[in-house]
Structures are given as structure tokens and as C-alpha cells.
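Trainee: If you look up Swiss-Prot, you'll see D94, D277 marked as active site, on the strength of experimental evidence. Feature annotation from Swiss-Prot assigns disulfide bond to C107-C112, C268-C272, C311-C344. Look at Swiss-Prot and you will find 76-385 tagged as domain 'Peptidase A1', backed by sequence analysis. Sequence annotations record features per position, and here Swiss-Prot assigns phosphoserine to S130. Residues or ranges marked as signal peptide by Swiss-Prot: 1-15.
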Amino acid sequence: MKWLLLLGLVALSECIMYKVPLIRKKSLRRTLSERGLLKDFLKKHNLNPARKYFPQWEAPTLVDEQPLENYLDMEYFGTIGIGTPAQDFTVVFDTGSSNLWVPSVYCSSLACTNHNRFNPEDSSTYQSTSETVSITYGTGSMTGILGYDTVQVGGISDTNQIFGLSETEPGSFLYYAPFDGILGLAYPSISSSGATPVFDNIWNQGLVSQDLFSVYLSADDQSGSVVIFGGIDSSYYTGSLNWVPVTVEGYWQITVDSITMNGEAIACAEGCQAIVDTGTSLLTGPTSPIANIQSDIGASENSDGDMVVSCSAISSLPDIVFTINGVQYPVPPSAYILQSEGSCISGFQGMNLPTESGELWILGDVFIRQYFTVFDRANNQVGLAPVA
């Protein structure tokens with residue numbers, strides 16, 4: 001009997017998962033639009049989401065660039081704590097980048113005045129460095145320093161974690177941002193300044209039993225979304241997980257067999273590469289096939305630059321099917337048409353990302369909301385299953 005109890009306790013210990021609740025908030029684009037600031041912002045900032053995946057590096061000064069405008073449409077955010085005692089921050093959990101950064105008390109920019117700021121002097125475990133970091137986004141940049149401290153993530157105490165502390169931030173962009181900073185969950189090979197990503201540090205310290213994390217994004221306007229570190233919760237999906245090999249260990253890059261509509265190939269007919277990215281809200285692809293998709297679904301550009309469709313037409317639009325590793329993943333019009341305050345906006349975006357293996361597609365939140373996603377570092381694979 002004692003052995004049975006012991007085995008039960010061991011099994012239970014191996015299934016411990018750490019969950020970080022994500023809250024769905026109003027995106028920065030929507031906030032700017034409601035305040036009548038979006039048109040002016042778009043005029044001043046030449047948005048180029050592709051720069052997220054091809055940053056410009058200046059190694060001699062340890063300055064790294066990563067465009068912040070990629071987070072213009074983000075809606076899902078979680079809370080972490082940094083320091084001892086912990087100071088709380090709202091961050092984007094981003095599988096399309098690898099660094100952690102938050103505002104600091106050294107920042108006097110307007111954007112920092114209405115966000116949480118980390119104070120190293122209030123933390124007994126903070127360790128400073130002489131390294132600097134700069135994250136650019138067009139006409140301005142976030143500059144700061146790198147330091148080490150304990151990061152609290154969903155009940156995990158991640159000690160000796162390197163992160164960026166901002167000293168200047170571009171007010172015209174970040175002042176209205178619904179988040180304080182970014183927590184990257186991609187591979188360490190794309191980490192700026194060679195900083196160890198949060199999940200790598202967690203795994204290296206033996207703080208989780210499985211070298212993987214998983215994501216569930218709820219369509220609910222408020223709650224229900226979650227990032228799970230070190231485990232998989234089958235209550236969030238139906239059927240079985242289908243596993244897809246990672247083709248390049250940088251971003252979470254996989255092969256897509258084809259993209260079809262009404263049984264006909266509309267893109268990626270001979271296969272293509274895609275990145276599964278929680279830090280991108282839309283489904284993006286090369287401008288030419290995306291333009292064809294927009295035409296097929298009857299989308300046209302409005303004065304804000306959004307591709308809009310008639311809300312009454314949604315029920316008659318077809319699914320768009322992504323075939324991945326031989327399995328079909330339909331995305332229905334209720335998912336790829338985003339409805340907000342009487343407007344219906346296409347969830348597709350054109351973006352050219354040329355690589356040696358061809359143009360990249362980005363499977364952002366529009367896709368991930370439909371499919372529970374496991375990011376398996378141990379086996380370098382992505383698991384997908386329909387959400388429950």
C-alpha cells in the first residue's frame with residue numbers, strides 16, 4: 001500500500017504544471033483609433049513587421065534592434081514579477097522573440113510615466129552589468145541596460161535571469177501600450193546580446209519536469225487564455241496532438257504542405273515555411289498570395305489601412321485550410337475575420353519574408369486561437385490540436 005502511495009506521489013510530481021493566466025485586452029491599434037491618433041501614428045511610423053524576423057545587429061556596441069510596432073495588434077498579456085520582493089509587470093509572451101525587457105526607474109520618457117517601472121534598489125537580488133541594449137521601432141528606440149534578477153512566472157522562481165531595463169522609450173508608441181514589456185519564448189540562437197531566454201533558464205535550473213511549454217488562447221473577451229510551463233493540459237483541446245518537426249531552431253519554424261480554399265490551392269502549393277508566433281496577432285504571408293486571399297474573401301482597404309469585409313458576408317465565406325505534416329487545419333471565417341465595434345476586418349496581412357527556403361508565413365493568434373499549441377524544446381517539434 002505504501003508503494004502504491006509512493007508511486008502515486010511520484011506520478012503526481014511528474015505532472016506538475018505552472019500556468020500563467022493571460023488576459024485579453026484592447027489592442028494598441030484599437031486604442032489609438034478610438035483616440036483619433038491612429039492615422040497620425042501610421043504616417044509617422046512606416047510599419048514593417050518583417051523587421052521582427054530580420055533585425056539589424058550592431059555587435060561591437062551590444063546594441064540590438066527589434067521593431068516594437070509588431071506588437072501594435074497584440075491583445076493577450078500576462079503578469080510576471082521581477083526582483084525580491086517581486087515587482088509586477090504586464091508582458092507579451094512572445095514565441096517570436098527571445099529576450100525579456102521591462103521599463104525601469106531610470107526611464108524618464110513619457111511612455112514610462114504610466115507603466116510599471118523596475119527599481120533595482122528595491123530588489124535585494126538584483127545584479128547589474130555594463131552591457132546595454134537598444135530596441136528600435138522606426139523613428140525612435142527603447143534603450144537600456146542589462147541586469148540579472150529573480151523572475152516569478154506562474155509560480156516558478158527563475159533565479160539569475162538576465163533581462164533588459166529601459167532607460168528611454170518612444171512615447172508616441174508605448175505611451176498607450178497595454179503592456180509594460182516583452183517576454184520572449186523563441187530559441188536562444190536569436191536572443192539579442194546572447195541573453196539566456198526565460199524558458200531556457202527555467203529548464204536549466206530543473207524547475208520544470210518537461211522541456212516544453214504550451215499555449216491556449218481563448219476567444220473570450222476577458223479571460224481563459226493561458227501559457228503552461230513544463231506540461232500539457234488535455235482539457236484545453238479535443239482529439240490528439242499532431243506533432244510537426246521544427247525545421248530551423250531559431251523561431252518556431254515548421255513546414256506547411258499547402259493552403260487551400262474550397263479544395264483549391266490558393267498559396268503554398270508546393271510547400272512553404274511558417275513560424276508559429278504568439279507575438280503576432282494576424283495570419284501573414286507573402287504579399288502576392290495574401291492579396292489574392294483578400295480579393296477572394298471580398299476585402300477592401302479602408303481609410304485606416306485595414307482590409308475590411310462586409311459583416312453580412314461572413315457566414316457565406318469558406319474555411320481556409322492549412323495542411324501541416326499531412327493534417328488539415330481549417331481556419332473558419334469566424335476566426336479569420338475580426339469583428340470589433342461594427343467593423344469586420346480581415347485577419348490576413350501581407351509581408352514579404354524571403355529566406356533560403358522561400359517566403360515565410362506567420363501563424364499568429366488568428367491561427368493559435370483555433371489550435372492548442374505545444375512548443376516542445378526537448379524534441380524540437382510543435383504539437384497542434386483543435387481547442388476544446
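Every residue gets a Cβ built from N, Cα and C, even glycine.
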Trainee: For C311 (disulfide bond), what is the secondary structure state per DSSP, taken as helix, strand or coil?
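Mentor: SS state of C311 (disulfide bond) = helix.
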Trainee: Looking only at the domain 'Peptidase A1' (76-385), report the model's average pLDDT.
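Mentor: On average, pLDDT over the domain 'Peptidase A1' (76-385) sits at 92.
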Trainee: Recorded positions D94, C107, C112, C311, C344: which have a Cα within 10 Å of D277 (active site)?
Mentor: D94
Trainee: Tell me, how many other CB atoms lie within 10 A of the CB of D94 (active site), whichever protein chain they belong to?
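Mentor: If we count other Cβ atoms within 10 Å of D94 (active site), we arrive at 24.
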Trainee: Distance check, please: Cα of D94 (active site) against Cα of C272 (disulfide bond), rounded to an integer number of angstrom.
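Mentor: Here the two Cα atoms are 22 Å apart.
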Trainee: Quick one, of the disulfide-bonded residues C107, C268, C311, C344, which Cβ has the fewest other Cβ within 10 Å?
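Mentor: Result for the disulfide-bonded residues C107, C268, C311, C344: minimum number of other Cβ atoms within 10 Å at C311.
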Trainee: Looking at the recorded positions C112, S130, C272, D277, which one has the fewest other Cβ atoms within 10 Å of its own Cβ?
Mentor: S130
Trainee: Look up C112 (disulfide bond) in the DSSP assignment and reduce it to helix, strand or coil.
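Mentor: SS state of C112 (disulfide bond) = helix.
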Trainee: Cα-Cα, whole number of Å: C344 (disulfide bond) versus C268 (disulfide bond)?
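Mentor: Their Cα atoms are separated by 26 Å.
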